[in-house]
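Step one of this worksheet: look at the structure below.
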Amino acid sequence: MQLAVLGGFVVASLVPLLHRWFGAGTARVLALLPAAIAAWLLAQWPVIAAGETLWLEWAWVPGLDITLTFLIDGLAWLFAMLISMIGTLVLLYAGDYLHGHRDLPRFLVVITAFMMSMLGLVLADNLVTLFVFWELTSITSYLLIGFNHTDPAARKSAQQGLFVTVGGGLALLAGFVMLALAGDSWSLAELNTRGEQLKAHVLYLPLLICVLLGAFTKSAQFPFHFWLPNAMAAPTPVSAYLHSATMVKAGVYLLARLHPALGGTEPWVITLSLVGALTMASGAFLAIQHTNVKTLLAYSTVMALGTLTMLLGIGTEAALTAFVVFLLAHSLYKGALFMVAGILDHETGTRDVTAMGGLRHAMPCTALVAVVAALSLAGLPPLLGFIGKELMLESLLAAAAYRAVILPLAFLAAFLTLAVAAVVAIRPFFGPLRQTPSAPREASFGMLAGPALLAALSLLFGLAPRLLDSLVGATVAGIGAGSAEVHLALWHGINLPLLLSLASLGLGALVFRRWDRLRAWLARLEPLMARGPEAGYEALMSGMVDLAEWQTRFLQSGYLRNYLVITLLVLLGLVGHALLLRHTPSITFTLDIYFHEAVAAGLMVAGAVSACVMRSRLAAVAAVGVMGFSIALTFVLFSAPDLAITQLLVETLTVILLVLVLFRLPRFATLSTPAERLRDLAVAGLSGGLVTLLMLAVLSGERLPRISDYMVANSQPLGRGHNIVNVILVDFRALDTLGEMFVLALAASGVYAMLRFHAEEYAARDAGHTRRSDDG
Amino acid sequence: MVRSGTLILNVAARLLLPLQLMFSLFLLLRGHDEPGGGFIAGLVAAGGFALYLFAYGRRALGAMIKVSPRDLVGVGLLLGVASTLPAWWHGQPFFTAQWWTLPVIDFKASTPLIFDIGVYLVVLGSVLTAITALVKTDQADDER
C-alpha cells in the first residue's frame with residue numbers, strides 16, 4: 001500500500017509523458033490507479049469487517065520514531081475507499097470536463113498527487129507522517145483552486161485557502177508535538193490507548209486547542225468557513241473531489257481518529273458540539289442567499305461539515321453511528337451534485353440557477369441523477385441521506401448536553417437544506433425552458449458515469465441499509481475504541497425525528513416557494529455580512545503586509561555594514577550573556593608559543609589592521625587576503641591540512657569574486673566619519689574579545705566529553721575512511737552537508753537571478769523599453 | 001574588463017586548466033582517506049575555470065564546458081539526494097552508507113563517494129554561476 005501511495009506520486013510526475021502517449025485518454029488511464037487501490041481495499045474488507053486492524057509496517061526514520069506505517073481499521077478503510085472510489089470517478093469526469101484544455105496534464109499531475117496525499121493522510125499511523133500528508137493536501141489544494149491562474153480572483157481564493165489551512169496546520173503541528181509529549185508516543189494507535197493519561201495531562205487543554213484549530217480550519221468550521229465557498233474558483237471536478245468529498249473531511253477525520261485519545265471531556269464536548277452546530281446553521285443560512293449553484297452547494301457542504309463536527313462532539317454511540325452514515329451519505333450525494341453542477345456549467349455556460357430552467361428535456365439523465373442526489377441531500381426517503389438525518393436527530397434528542405441550543409439550530413439547518421436541495425434539483429430542470437448562454441446538450445458518458453454511480457449508491461444504500469451494517473459498525477468501533485453492533489433501517493416507526501422531518505419538509509417547501517422574495521429580503525443584511533469573519537481575515541492580511549513593510553523599511557536598510565553591525569550586536573548580546581552570566585569562565589592560560597607561530601599571528605593582525613585603514617578597495621582586499629592566507633598558514637602549522645587547503649582555496653576565490661565585484665563599483669564616495677569609525681571599532685573589538693574569551697573558556701573547561709574522540713575512534717571502522725574531516729562531511733554529518741548543498745545552490749541561484757535581472761533591466765532601458773516593475 | 005589578457009596568462013590558463021582539473025579529480029577520489037574531498041576539489045576546479053575565464057572570456061568558457069553551470073548545481077543536488085536512497089534497498093535507514101568493490105580495478109565505490117561527487121558539482125557549479133554572472137553584467141555594462 002505504501003508503494004502504491006508513494007508510487008502514485010511518481011506516476012503523477014510522469015503524467016506529462018503519459019499525456020504524450022495517450023493524449024486525451026490520459027485521465028482514463030490514470031483512473032486505473034485509484035481503481036486498483038479501491039479494488040485492493042475491497043479485497044481487504046473481510047479482515048476489516050471482522051473488526052481487525054490491518055498493520056502495514058514500514059520504517060522511515062527510526063531514530064526519530066517516525067514511521068510510514070499504515071493502519072487500516074474501519075474508519076481508515078471507509079475514508080480510503082471514498083477517496084479512491086470518488087477519485088476514480090472524478091478522474092473520468094475531469095477527462096471530459098477539461099477535454100482539450102491546454103493545461104489538462106498539469107491538472108492531472110496535481111490531482112493525482114492530491115489523491116495520494118489524501119490516502120496517506122487517512123492511512124498514516126504516525127503523527128509526523130500524517131502531518132506531512134496533511135500539508136501536502138493543503139499545497140495541492142492551493143494549486144488546484146488556483147488552476148485558472150490567469151484569473152486574479154482564483155489566485156486570491158487559492159491564497160486564502162492556503163493561508164487559512166496552513167495557518168491551522170501550524171497550530172496542528174504544535175498540537176501534535178504536545179500530543180506526542182503528553183502521550184509519550186508518535187503512533188496514533190498507541191495514543192488512542194492512552195486516553196486517560198492524555199486527558200489528565202497538564203498539556204491537555206493547550207494541545208486540544210491547537211489540534212482543534214488545525215481541524216477546524218481544514219474542515220471550514222465557523223469562523224474559518226469563508227475560504228471554502230471561495231475555493232469554488234477551482235474547476236468543478238476539484239470542487240466535487242477536494243472541497244466536498246475528501247479534503248475538507250480531513251479535519252473531521254482527524255477529530256474522529258483522535259476521539260478515543262482526546263474525546264469525551266467537557267472542553268471537547270462543548271467546543272465541538274457548539275462550533276459544529278453554529279457552522280451547520282450558518283452554512284445552511286448562507287446557502288440560501290446564493291444563486292450560483294456551486295456556491296450554494298459549497299455552503300451546504302459547510303453545513304454538512306458542521307453537522308459532522310457536532311456529532312463527534314456529542315460522542316454517544318448513536319451520534320457516532322449518525323456521524324458515519326451522514327459522512328458516507330454526504331460524500332455520495334455531494335460528489336454527485338457537484339458533478340451535476342459541473343455538467344450544467346459545462347453545457348449551459350452559466351452557473352446561476354435562476355438563469356436556468358426546463359433543462360429536463362435537453363438532459364434527462366442529468367436531471368434524473370440530480371433529483372436522486374438532491375433527495376438524499378434533502379434527507380428524504382428512501383435515500384441514504386434520510387437515514388443519516390433521522391439518526392442525527394435521534395442522537396440529538398437523546399443527548400443531554402446543550403439540547404436547547406443545538407436542536408433548534410439543527411432544525412433550522414434541516415429545513416434550509418431541504419430548500420437548497422429543492423433549488424438545485426428543481427430550478428434548473430423543471431419549469432419553462434430558459435435561454436442559456438450555450439445550447440444545452442446531454443453530458444457525455446464519462447461525465448455522467450460518476451454522478452450516476454454515486455446517486456445510484458445513495459439510493460441502493462437507502463433501500464437496503466443492512467448492506468452497511470458491518471461497515472458502519474467497524475467504523476464506529478474505530479472511532480469509539482470499542483466494538484459496536486449497528487443495525488440500520490429505513491423505517492424507524494413514527495417517532496419524534498420523523499415528525500421533525502415532516503415539519504422541516506413543510507417549512508422547507510415554503511422557503512423554496514418564497515425563495516426569490518426571501519433572497520431579496522436577506523440582501524438587506526449585506527452590510528452586516530460584510531463584517532463577517534472574512535473581513536477579519538482581510539484586515540489581518542493587510543495588517544500583516546503593513547507590518548512587514550514597516551519592519552522591512554526599518555531593518556532592511558540595504559547597507560551591508562548595517563546588517564553586519566546588527567548581526568554582531570545580537571551575537572554579542574546572546575553569547576556574551578550566556579558566557580558571562582551563566583558560566584563564570586575560569587581561564588587558565590599559558591603562553592607557550594614558537595617564533596614562527598607568532599609571525600603568522602602577527603601577519604594576521606597586520607592584515608586586519610591595514611584592511612581597516614586602506615583608502616583603496618583593491619588594497620583592502622589584498623590586505624584581507626593576507627589575513628586569510630595567514631590563517632591558512634596557522635592551519636598548516638597545527639596540522640589540519642584539509643582546513644588549510646580549503647581556507648587557501650576559498651581565499652583565492654574570494655579575491656577573484658571581490659575583484660570582479662569591485663571593478664563594477666564606483667570609488668568610495670564618502671569615507672566613514674570618525675564617530676562611525678569609533679562605533680565600528682567598538683563593535684569589532686567587542687566581537688573579537690568575545691570570541692577570544694569563548695575560545696579560552698572552551699579550551700580550559702572540560703565540561704563536555706569531546707565529540708572528536710568519537711569521530712577519531714569511529715572514522716575508520718564505521719566510515720571506512722582515514723580522513724576524519726571528510727568522513728564527517730559525507731557520512732557522519734551527511735544530512736547537514738546535504739542541507740549546506742541546498743543552501744549553496746540557493747545562494748548561487750540568488751546571485752544569478754539578481755545579476756541577470758539587473759543586467760536585463762539595463763539592456764531593456766537602453767533599448768527604450770519600459771519594463772513594468774511589478775512583473776520582475 | 002575581462003578581455004583576453006597577456007600572452008603569458010593565455011598560455012598559462014590553457015596549460016594549467018587540464019592540470020588543475022586532473023588534480024581536482026585526484027583530490028576528489030582520494031578524499032576519503034587523505035586530505036581532499038568534494039568541497040576542496042570543487043574549489044580547485046572552479047579556480048582553474050576562473051583562470052580560463054579571465055584569459056579567454058565568458059563565451060570561450062561557455063563553449064568549452066558546454067553545460068550551463070546551473071545544470072551542474074542541479075545534477076550535484078540530484079546526486080546528493082540519490083546517494084541517500086540505496087540504503088532503503090537494504091531496509092536500512094535513510095543515508096546509511098553503502099559500499100561496493102568494483103571487481104576489475106579493485107576500486108572502493110560507495111554512496112559517500114557519490115555524495116562527494118554531488119558536493120563537488122554543487123560547489124563547482126555555484127562558484128561558476130556566480131563568476132559568470134558577474135562577468136556577464138560586466139559585459140552588459142561594457143556594451144552600453
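Glycine is no exception: its Cβ is also placed from the backbone N, Cα and C atoms.
Worth saying up front: this structure is predicted, and the values here are computed from it rather than measured.
Going by TrEMBL, these are the annotated features:
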DOMAIN    A:58-107  domain 'NADH-Ubiquinone oxidoreductase (complex I) chain 5 N-terminal'
DOMAIN    A:124-407  domain 'NADH:quinone oxidoreductase/Mrp antiporter transmembrane'
DOMAIN    A:603-667  domain 'MrpA C-terminal/MbhD'
DOMAIN    A:676-757  domain 'MrpA C-terminal/MbhE'
TRANSMEM  A:6-22  transmembrane segment
TRANSMEM  A:29-48  transmembrane segment
TRANSMEM  A:68-95  transmembrane segment
TRANSMEM  A:107-124  transmembrane segment
TRANSMEM  A:130-149  transmembrane segment
TRANSMEM  A:295-314  transmembrane segment
TRANSMEM  A:320-344  transmembrane segment
TRANSMEM  A:447-468  transmembrane segment
TRANSMEM  A:563-581  transmembrane segment
TRANSMEM  A:593-611  transmembrane segment
TRANSMEM  A:618-638  transmembrane segment
TRANSMEM  A:737-755  transmembrane segment
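Ranking A:68-95, A:130-149, A:295-314, A:320-344 by CB pairs under 8 A with the transmembrane segment (A:29-48) puts A:68-95 at the top.
Within the same chain, residues 28-30, 33, 104-105, 108-110, 112-113, 115-116, 119 sit at least 6 positions outside the transmembrane segment (A:6-22) and bring their C-beta atoms closer than 8 Å to a C-beta of that stretch.
Of the ranges A:130-149, A:295-314, A:563-581, A:593-611, A:618-638, the one with the most Cβ pairs under 8 Å to the transmembrane segment (A:320-344) is A:295-314. Counting same-chain residues at least six beyond the ends of the transmembrane segment (A:107-124), those with a Cβ under 8 angstroms from any Cβ of the stretch are 1, 5-6, 8-9, 11-13, 15-16, 19, 26-27, 30, 33-34, 37, 68-72, 76, 79-80, 83-84, 87, 90-91, 94, 98, 101, 130, 132-134, 136-137, 140-141, 143-144, 147, 188, 235, 237-238, 241-242, 246-247, 250, 253.
Within the chain carrying the transmembrane segment (A:68-95), a Cβ under 8 angstroms from the stretch's Cβ atoms is held by residues 1-2, 24-28, 30-31, 34-35, 37-38, 41-42, 44-45, 48, 51, 53-60, 104, 107-108, 111-112, 115, 118-119, 122-126, 129, 187-189, 235, 237, 240-241, 245-246, 249, 253, 256-257, 324, 327-328, 331, 335, 339, 342, 446-447, 449-451, 453-454, 471, 473-479, all 6 or more beyond its ends.
Long-range contacts of the transmembrane segment (A:447-468) within its own chain (CB-CB distance under 8 A, at least 6 residues past either end) are made by residues 86, 89-90, 92-93, 96-97, 325, 328-329, 332-333, 335-337, 339-340, 342-343, 346, 365-366, 369-370, 372-373, 376, 381-387, 487-490. Look at the domain 'MrpA C-terminal/MbhD' (A:603-667): DSSP puts its residues at 54 helix, 0 strand, 11 coil. Shown for the domain 'NADH-Ubiquinone oxidoreductase (complex I) chain 5 N-terminal' (A:58-107): DSSP residue counts in helix, strand and coil, namely 31 helix, 8 strand, 11 coil.
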